[in-house]
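Here is the structure we will look at.
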């Protein structure tokens, strides 16, 4: 083993152990539980609010006969589009001497979530909208249309009787694969978001404790920086492995506990929708290669972004500066994810190619490409390309640190004149 | 002639517009204890950093253990920086093992040897103690041991005595002696002349970013003339003709410098004068006086320059 590589692993080992052998690491490890907990509480709160009588309401100020027709149409709509957005709850009020005034008063009532109010005849209704051109007005118009047709036909019986057929095995594979590509991009992004950003502060301890000079005298800065990134990568891998094991164990336990119910449900699903075929959901490159590439692209995404953040953090002179850096770092990560996910949703486009070439979005975009494109060679090129960029970013980070912090080296031409 | 472990020629380093080191030459013989002396801000630490390859010189050449690339021989070098620093959450034995591992020593060997060396300096009770629980002096000794645990050929110590109490200073001097006896070359910087006078075979005095002197301790002291301290036996207040014009009086005694070749003639005059002798000493001034003489007004300049640079 070369001296530089040995020193890289010595530094990585120390950093890794010093991170994982602390109570703080336990908090970090269990952070997803807190996220899940907060998500659950938020979801419960939202659902409590949702079921608090605040439905989206449309009102019709019409005669009792027209009201009956409108309610029948509303019931038909709710049957046809169960639980869909754009569907409102209809309330009717018997029209008095001044239906317009009634409608306007009802539309402005604060205690109800009224979106639109209708008055006039069903053939020529006037609709007052909270938001001009919104869906609620169109919904009332549709109800009136159905009611008038029913009045002419004598019933609310649908004139069209469609037969719905399954598109069939493999026919919708493009959509599935795009979704799979986006899923891979999202997972890699979430994992790097959780772990890579922490490299920004890894040199802070050495700078604060003045250990940096001991390290700099003993090992090349390249080994120090690489050791730091490798240590954090080890922490990230440990974190992911832990949750993977927890997830697998949880799934196996769930299968064992609910085996009978699951078997029943599977039989029922097979009976109603045809046999489940895993091949319908397989990425173009195949599951084993897709998963393997996913792991490699996560490692490269971590190394790339981690190296950038390490380099930036190494230049910071205080913890306050490092804290200030967390926002632009998160924005940068989200921007790269945005580019990667755009590539996932538009495979084969120029945008996708650009995202695959830009080194910091390349791991996300290439992971998505594996879902829609069976070719292996672009991945080999991308892996080499991203690896080169990891080395380049580390080299640049070291150069900046040497020049900016250690005040060593000639720097760039631009600075050289100014420093004499 | 003994071979050298450090050869540097014309080292120059700028920090912005500040010329921190200005054309320094250094040559350290193998197996010697070499002192780099100078006032605060003279450029000692910057010179050491350049010699070790922590920073690169803007001009000049350097060679460490025969290599023009100091990094390539870092496993054969031990270094204690001026700014002490250790990981406070680590145990002493782990810190020592880590520092040894950085220089190529096996972790377990580093732990074992570190424990032995801690015992040697009377700190065996804190081997498993975390650094944050130790006194500054103890932590400094741990760092020193970490710097030499891999038994380097060259040991570079930047201001090793600063911050140590007299007991630990004694321990450090003993440790330096042992390392030298082992065959290591030791380079240390200091502005405490007593240590340099006791330990150094050769020394360089740096002031105003330049090297003002290079040689042995005796050669440094030889930069100043002998000093006469004389108290007349008859208590005379005026000794016209016997004392030179630059003689000063403190109480009953007189002091003045004298060249080596003039000593015999002056003693003859003293006997002839008949004033007698209550006390008389003719001595070479110490390294402290030689240092002050060599550095002169540059000491003031260095402090001012450091203030500006900061």
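Placement of Cβ uses the backbone N, Cα and C atoms for every residue, glycine included.
Looking at the stretches A:353-375, A:376-398, the one that TrEMBL records under the feature transmembrane segment is A:376-398. Touching of the transmembrane segment (A:324-344) and the transmembrane segment (A:285-312) is concluded from the presence of at least three CB pairs under 8 A, sequence neighbours closer than 6 excluded. Between the transmembrane segment (A:285-312) and the stretches A:16-41, A:225-258, A:376-398, Cβ pairs under 8 Å are most numerous for A:376-398.
Same-chain residues lying 6+ beyond the ends of the transmembrane segment (A:16-41) with a Cβ under 8 Å from its Cβ atoms: 194, 231-232, 234-235, 238-239, 242-243.
Counting only same-chain residues 6+ beyond the ends of the transmembrane segment (A:225-258), those with a CB under 8 A from a CB of the stretch are 7-16, 19-20, 25, 28-29, 32, 191, 194-196, 198-199, 202-203, 219, 299, 302-303, 306-307, 310-311, 314, 394, 397-398, 401.
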